[in-house]
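Worksheet: one structure, shown below.
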Amino acid sequence: MKRVQTAEEREREAKKLRLLEELEDTWLPYLTPKDDEFYQQWQLKYPKLVFREAGSIPEELHKEVPEAFLTLHKHGCLFRDVVRIQGKDVLTPVSRILIGDPGCTYKYLNTRLFTVPWPVKGCTVKYTEAEIAAACQTFLKLNDYLQVETIQALEELAVREKANEDAVPLCMAEFPRAGVGPSCDDEVDLKSRAAYNVTLLNFMDPQKMPYLKEEPYFGMGKMAVSWHHDENLVDRSAVAVYSYSCEGSEDESEDESSFEGRDPDTWHVGFKISWDIETPGLTIPLHQGDCYFMLDDLNATHQHCVLAGSQPRFSSTHRVAECSTGTLDYILERCQLALQNVLNDSDDGDVSLKSFDPAVLKQGEEIHNEVEFEWLRQFWFQGNRYKLCTDWWCEPMTHLEGLWKKMESMTNAVLREVKREGLPVEQRSEILSAILVPLTVRQNLRKEWHARCQSRVVRTLPVQQKPDCRPYWEKDDPSMPLPFDLTDVVSELRGQLLEARS
């Protein structure tokens with residue numbers, strides 16, 4: 001079954017096509033630091049972009065952070081993700097790992113990543129290697145540092161905006177420290193917008209990726225990451241990035257003036273105003289230990305891309321992930337809400353329900369879908385990658401699967417009820433109307449996830465990274481109250497609903 005694009009995807013694709021049509025065979029202009037107008041353009045059009053050269057960052061971090069990157073790479077902890085783009089599975093050219101607050105997740109391109117926890121107070125994490133534990137500690141230390149720097153940058157931005165000053169962009173230099181005095185409420189707001197709860201680590205060796213796409217609008221060269229807005233972030237929250245390109249990249253690009261445009265041997269980050277063909281884009285070279293910050297609404301109003309250099313590169317991208325529906329505590333609470341409708345459950349797994357109120361049943365089936373498709377299948381689709389670093393998620397996922405299995409029995413109890421003789425026709429119709437949509441969604445998504453686990457892309461993955469279609473069971477499995485394939489169940493429900501309405 002061909003997937004139908006969402007309205008947002010269709011609009012985005014239409015904008016892209018219109019932009020390419022307007023360009024025809026010409027490139028949009030973009031600026032590099034060697035261009036005379038570069039800093040003026042930055043000041044006028046990109047004032048919420050802050051850059052810090054490596055020399056202004058503590059030397060201790062420059063020693064520890066690269067060691068942490070290399071440690072995780074050595075232990076094979078970074079993975080290319082199989083993401084979903086316009087209904088197709090695509091293997092990312094960049095390898096990633098998510099580190100952050102215990103129980104947090106971060107979703108991008110329809111893929112939910114689960115944190116390898118960093119060692120925060122009050123949480124015991126058992127790592128598979130002492131070196132991995134030390135690396136996670138380092139990224140927590142980097143996170144704390146970047147959080148302080150971000151708050152200071154936001155304070156300075158607030159002062160400049162309040163004074164309506166046309167300040168020189170905060171780049172290639174220390175942040176100003178004086179003359180800043182926000183109110184208590186403002187200070188709380190600034191801290192919340194810099195309260196980084198995860199970092200998404202990235203790695204790519206461009207020499208092993210000969211098929212990288214060309215940047216389509218400006219002619220900037222090979223892209224490691226295409227134009228995008230970072231997803232799933234708290235509104236107006238900042239993003240901080242620490243960049244580390246491996247040895248060799250600096251020596252090869254001493255004289256950038258010999259190039260027209262950006263030096264293709266040096267990694268760059270590119271920025272543009274979304275869907276704007278008038279304002280020149282910016283490309284900023286990224287050398288070892290450089291950092292940049294996207295403040296306030298910059299991530300919403302502008303797009304950015306990462307332009308590949310010639311050497312391998314790591315980055316640590318610190319974010320305030322929007323976790324209102326993305327933490328372990330959240331999904332456990334949702335499960336408990338659904339299970340409140342269980343009256344009795346027997347030793348054989350059968351259950352009876354307290355209420356057959358249509359709204360209660362609908363809510364229960366929607367939670368059933370949420371835990372299955374947003375958590376269990378997302379987790380197991382990524383194979384056994386998380387066990388390489390820690391067993392932290394093993395017990396919670398086993399527990400979630402047990403709760404999900406009880407919800408299967410709850411669905412079975414509802415199906416028994418709609419077949420019960422003597423059930424008033426109107427009540428039967430209301431129950432069927434409440435559960436038919438979530439069960440149809442469940443059937444369609446199970447079919448989709450099962451197909452994804454056998455797609456051409458995943459067949460190329462190493463054994464440890466291959467997706468596990470879980471939960472999955474055969475038709476006659478005595479431990480399961482309902483079949484995996486709900487085609488017949490959904491068809492029967494539709495027939496019953498038509499009969500009840502006739």
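Every residue gets a Cβ built from N, Cα and C, even glycine.
For reference, Swiss-Prot has these:
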{"type": "REGION", "residues": "32-324", "note": "region 'Fe2OG dioxygenase domain'"}
{"type": "BINDING", "residues": "ASN202, TYR292, ARG313, PHE314, SER315, THR317, ARG319", "note": "2-oxoglutarate binding site"}
{"type": "REGION", "residues": "210-221", "note": "region 'Loop L1'"}
{"type": "MOD_RES", "residues": "LYS213", "note": "N6-acetyllysine"}
Legend entry - Structural state census, the region 'Loop L1' (210-221) (DSSP three-state): 0 helix, 1 strand, 11 coil
Inset, instruction - Round to the nearest Å and give the CA-to-CA distance linking ASN202 (2-oxoglutarate binding site) with the residue listed as 'N6-acetyllysine'. - result: 18
Legend entry - Three-state secondary structure, ARG313 (2-oxoglutarate binding site) (per DSSP): strand
Inset, instruction - Please work out the number of neighbouring Cβ atoms within 10 Å of the Cβ of THR317 (2-oxoglutarate binding site), leaving out its own Cβ. - result: 18
Inset, instruction - Have a look around the residue listed as 'N6-acetyllysine' and count the other CB atoms within 10 A of its CB, chains all included. - result: 13
Inset, instruction - Measuring CB to CB from TYR292 (2-oxoglutarate binding site), give everything in the same chain under 8 Å that is also at least six residues away in sequence. - result: LEU49, VAL50, PHE51, ARG52, ALA240, VAL241, SER243, VAL269, ILE284, LEU286
Inset, instruction - Give, as a single whole number between 0 and 100, the mean pLDDT over the region 'Loop L1' (210-221). - result: 93
